[in-house]
Amino acid sequence: MSIPGIPGLGQINAQPTPSTTSTTRTITLDPGSEWRFVTAKATSSSSTNFLTNPSSTSSSSSGVKVKLLSGSAERDGTSLALNKVYTFSRTKSKIFTWEGCSLEVTGSCVNESVYRPATMEDSCMVGWVNLHMLILQEQRERVSQSLKNHHHHHHGHHKRSDGAGAGGSGPPGPRVMICGAPNTGKTTMARTLAGYATRQGGQPLVASLDPREGLLSLPGTISAAVFGTLMDIEDPRGGFGVRNTPSSGPSMVPVKLPVVYYFGREKVVDDVPLWKDLTRKLASSVRAKLKEVDEVRASGVILDMPGWEGRPDAVGLEVMECAVREFAINTIVVLDNWELEQELHNKFLQEKTPFGEAISVLRLDKSNGAVPRDPAWSKTEMEAAIKEYFFGDAKQTLSPMTLSVSYDELGIFRALDESESYDPEDSSQQVLEPAEISSELRYWTLAIIDASVNDPPETIRLAPVLGFIAIADVDEDRRRLKFLSPVMEQLGNRPLIWGKWPEPYLNLLG
């Protein structure tokens, strides 16, 4: 079967960029094949002198440069422009081609290989693109048309009393939830579907309920944002990393404005009641966004879920069910987990969305390039995200402020241990308490919450995140703290939450 690329997803032309180095080679890819690569992490030995020279990186870290010489190619759904040099460091990814292409690669990878499926049907991408074209785009076009008709019909009637904003009360575009076992490429699929949608002029709302991912934010959060512009191909996380959010410097790629909530745990099971409460808050923000802008409403939602191994237990089902209900999911995609697919199929067979739609459950193949993450890589990724948040990256250096304040000027709240506080019958009790000054705070990253220190703990716990600070030093005797902040602004009376994860990053300041 030949897939002539997706209509309207043509080549972007860019000016050729000269590249110089001796280790240059050309890689030719057949249609349907992909070049898989792992590049060195960006700062292998230089974290110690980060404060004096944040942009210094060791020589092995200049990354790998890739240029598309002919044909067409994409990284996770976003097209590479012809003759433009892309630099990848700290990246595990792949470049895929529908039609065949020729790439010029400069520099050395830690690991690289070319994957050629025996036939086009053997590539997982065929299932992914069919999902995009035949199910998601079809729904988007239908909703888009109905919104146009609605506006045409109501021309001149500016007052809307139904509260459903754009397009009245009809369903929005597709709300697709991606779930499956850990390390099956769920986030890659979310990025690919978002990339395809934006390439066709859509503005999908992408949400991540996996606190280990940190979509456009630091790990330990859940978040959502509208992707109305092209993804940043060079971002190690392919457009999902913190470099794509507003910072104090200029940006090459249009920034995304995420809505972020602070979970402060690594796994959903570490605090299911809190995760469910925050999921409800995030879903409510997403519903508001879908009502505001027609293009977003028509494009719908792509929801990235935490991984679930094997058959889900009661907690697993409760977590999935919460997400399906809150986000009014109408398509559930299961990657490579047959037991999960059966379980969800049985669970939602008779159910309907709030818009009266059936809920379909589809199982798709994961990429055979999806491999288990080794813990060391995950830790490096997490630390790199924190460092990038405060100091920027090779493309853009940020200079965070170091501020020294009296401990008593800050309102730092700490989560109680679940064992002390969690009573399943009563989720309204206080789960945050003011934290005492302690040297333990050193090197932790705290979330700045959009609330007041005088608000009840329950309000603080469920308010959105404004940003983060990193504690550099604690002087218990003088009751003073030194912290790094990416912006000069004072914290005012905004509360800070000290979570349980990610753990302190000792080398942030060298």
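The backbone N, Cα and C atoms fix where each Cβ goes, glycine too.
Computed from a predicted structure; not experimentally measured.
TrEMBL annotations:
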BINDING   Glu34, Lys92, Asn183, Thr184, Gly185, Lys186, Thr187, Thr188  ATP binding site
COMPBIAS  16-27  compositional bias 'Low complexity'
DOMAIN    172-496  domain 'AAA+ ATPase'
REGION    1-27  region 'Disordered'
REGION    142-174  region 'Disordered'
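Cβ environment of Asn183 (ATP binding site): Gly307, Ala370, Val371, Pro372, Arg373 lie under 8 Å away, each six or more residues apart in the same chain. Between the binding-site residues Thr184, Thr187, Thr188, Thr188 has the most other Cβ atoms inside 10 Å of its own Cβ, all protein chains included. A helical conformation is recorded for Thr187 (ATP binding site) in the three-state DSSP classification. Comment: ATP site residues Glu34, Lys92, Asn183, Thr184, Gly185, Lys186, Thr187, Thr188; largest CA to CA distance 19 Å, whole number. Gly185 (ATP binding site) counts 24 other C-beta atoms within 10 Å of its own C-beta, drawing on all protein chains shown.
Looking only at the domain 'AAA+ ATPase' (172-496), the predicted model's pLDDT averages out at 91. Cβ crowding, taken as the number of other Cβ atoms within 10 Å, peaks at Lys186 among the binding-site residues Lys92, Lys186. Cβ environment of Glu34 (ATP binding site): Lys94, Ile95, Phe96, Thr97, Val114, Tyr115, Gly369 lie under 8 Å away, each six or more residues apart in the same chain.
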